[in-house]
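Asks: Quick one: this structure, given as structure tokens, is what I'll be asking you about.
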Protein chains: 2
Amino acid sequence: MRRICITISYDGTEYAGWQRQHNALGIQQVLEDTLEALFGRSAHVVASGRTDTGVHAWGQVASFDLEHEIAPGQLKKAMNSRLPDDIRVMDASEVGLDFHPRFDAKEKTYCYSVYCGDTMPPLYRRYMVLESRPLDRDRIREALALLVGRHDFKAFQSTGSPTNTTIRTLYGAEMKVDPADPHILRFYFTGDGFLYNMVRIMAGTLLQVGYGRFLPGQVEQALRTGRRELAGPTAPAHGLALMSVRYPGR
Amino acid sequence: MRRICITISYDGTEYAGWQRQHNALGIQQVLEDTLEALFGRSAHVVASGRTDTGVHAWGQVASFDLEHEIAPGQLKKAMNSRLPDDIRVMDASEVGLDFHPRFDAKEKTYCYSVYCGDTMPPLYRRYMVLESRPLDRDRIREALALLVGRHDFKAFQSTGSPTNTTIRTLYGAEMKVDPADPHILRFYFTGDGFLYNMVRIMAGTLLQVGYGRFLPGQVEQALRTGRRELAGPTAPAHGLALMSVRYPGR
């Protein structure tokens, strides 16, 4: 038995998120069906974490076990020749049998993309959200700085999500203007883990700060009190992409 | 009667090009149907030129006549509220009744986008082509320089295209690395007009030069002799986008 680790990129537009489910197609199922078609036995693919319906990935990490002796580079090619073109294996390697993509993940980076303008250019529409109100970028930077660190992010999770602890560490939170198009703002968040909808709620909060509905200090208040209503709305899924997952020693 | 000029952006993936036709949906038809639904009478929308099936536009220019007194800004909003999200009116203005988007066009700029790598990231797949072979960028630049100027581009048109003259002036032809992702090469072409498939054949030729099948000097030979077989293959439609159209005094 071998354990294979793959880095996957996907356009989440057509999928009901990562997880296999009834009545809707998850990315996990597409990968498992592909492996079953290739190797003739059922496969179980485990990811670093779920992504929601419509969320994209540049570097999701997943693993599965394989009896076959195919070289990882060949496996990548074989999978890509069968996968739909909105899911691609970008990298494949053999890892130890004790590797677990979720439990071993050290940090993850997400990006939330916003197009600032009055009309969404069609070539961007699948991957960003439109923000027509003028944004105060200095205030957004103030709010971003307040998010960084080890905090109770209870106010930044969708209500009713079951978790042991709502304490997470955000190592970095920054805003970058896309060097290819100054209309595009990207919020990057790197942390040891993220609560359900946490990045989308942080993005929604930053936009409220940007157009002046919230003061930057409200972020601190939300963190301190854990009150969901002090944070902003959950920003739409299609602006979000999982960029990368880091593991110890890699 | 008023003449309205609109700048349109579209994702060409789902359309059979610009032109209205039987058995397939052209972008022209979507716009004409939208105007008819809004104003209750049939409309005729004229563009700066056709784009082929699968070709995109950031700044296609078109015009139509209207009896209604709606302000251009309101017209833009009204059209966008009815158009599918892969077609957007980015700008609308009133122009003189003698304005013609094709005959008056002074120059056009196209961009052809190439992703250099072994696997196409799904989020790019609709808008670029994959090139896995290593490209010699200096040689591509040499070939680009040879294309610039007033030439007979007969070798760079699809055979059988009816035109009065195959002489065109290319004001600029350059390659840029995308500042947001160094894997992306973009070829920009600005000229007074383009023959059928001319940009896609130039892009196909540049890639042949880049991976060493053609020497840059073959471009000159193709221009001199007009022999289509000296130019490269027609590169796929989905890598191409019409960027902008310029008019005198604008």
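Cβ coordinates are placed from backbone N, Cα and C, and glycine is handled just like the others.
Annotations for this protein, taken from TrEMBL, read as follows:
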- B:8-104: domain 'Pseudouridine synthase I TruA alpha/beta' (DOMAIN)
- B:Asp52: active site, nucleophile (ACT_SITE)
- B:Tyr110: substrate binding site (BINDING)
- B:143-248: domain 'Pseudouridine synthase I TruA alpha/beta' (DOMAIN)
Asks: Using CB atoms and a 10 A radius, I'd like the single residue among the recorded positions B:Asp52, B:Tyr110 with the highest neighbour count.
Replies: B:Tyr110
Asks: DSSP on the domain 'Pseudouridine synthase I TruA alpha/beta' (B:143-248): how many residues come out helix, how many strand, how many coil?
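Replies: For the domain 'Pseudouridine synthase I TruA alpha/beta' (B:143-248), the helix, strand and coil counts are 36 helix, 30 strand, 40 coil.
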Asks: Where does the residue listed as 'active site, nucleophile' sit in the DSSP three-state scheme?
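Replies: Once the DSSP labels are grouped into three classes, the residue listed as 'active site, nucleophile' ends up as coil.
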Asks: Using DSSP, would you call B:Tyr110 (substrate binding site) helix, strand or coil?
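Replies: DSSP call for B:Tyr110 (substrate binding site): strand.
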Asks: Measuring Cα to Cα, how many angstrom lie between B:Tyr110 (substrate binding site) and B:Asp52 (active site, nucleophile)?
Replies: 13
Asks: How does the model score the domain 'Pseudouridine synthase I TruA alpha/beta' (B:143-248) in terms of mean pLDDT?
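Replies: Averaged over the domain 'Pseudouridine synthase I TruA alpha/beta' (B:143-248), the predicted model reaches a pLDDT of 96.
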